[in-house]
């Protein structure tokens, strides 16, 4: 199986705080990798280092390498915007652009990169919304404001907006934590379907969700990668006692 993202001795500092400590992971292509661990363990910090979002914070310092198809995304010659186009992000709280329609939300990324023909935009919108199983629910009101959608629909719209620009990797930071159980199920089913085309890395507090949706799991504690491996093995026969204590609820 090809490695899509290779994380090599990655460290992330915020001022004097060492948030992610010397982490190395190989993420296989077209799989789901879950990042689990207690609050404040570095999960989201780790995730956001994979598309250079920490560049936006002046006190952040990243060392080590993140290789996307063998090329270091932190190389000085690499444009961070081009990386964020290849590595999309879906946040914890649905964040559709509130002043835009459903239609305009989906094509927003394309419009940032230049003019788009109406026929091309129509195709992008339909294809993206179909891929997230939202087309049939909204096809008759594409010009309606995106804020009229339910929370679950808004999150699927955000995923549609992400995949519309054709990324290769999708990062998800607790994408279902703010949703009801039915919407959560739809997001989980969607994640499974999306791996046919994308590599997905998801942060979740919900260990049952990690077990359901992921192929591989990384357990973090206090900025350290404690254990990484196939999800089924990690949840049934973990190698480290700290991992076992966490997944059995002894701490966290």
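All residue numbers here begin at 1 and follow the chain in the order shown.
Any Cβ shown, glycine's included, is placed from N, Cα and C.
Taken from Swiss-Prot, the feature domain 'ABC transporter' covers 5-247, and the record attributes it to sequence analysis. What Swiss-Prot lists as ATP binding site is 37, 38, 39, 40, 41, 42, 43, 44.
Secondary structure from DSSP puts residue 42 (ATP binding site) in coil. Note on residue 43 (ATP binding site): other Cβ atoms within 10 Å of its Cβ, all shown chains, come to 25. Confidence across the domain 'ABC transporter' (5-247), taken as the mean pLDDT and rounded to a whole number, stands at 95. Sequence-distant contacts of residue 42 (ATP binding site), defined as residues of its own chain at least six apart whose C-beta falls under 8 angstroms from its C-beta, comprise 12, 19, 20, 21, 220, 222, 223, 224. Residue 44 (ATP binding site) has a Cβ environment of 19 other Cβ atoms inside 10 Å. In this view, the densest Cβ surroundings among the binding-site residues 37, 38, 40 belong to 37, judged by other Cβ atoms lying within 10 Å. The DSSP secondary structure for residue 37 (ATP binding site) is coil.
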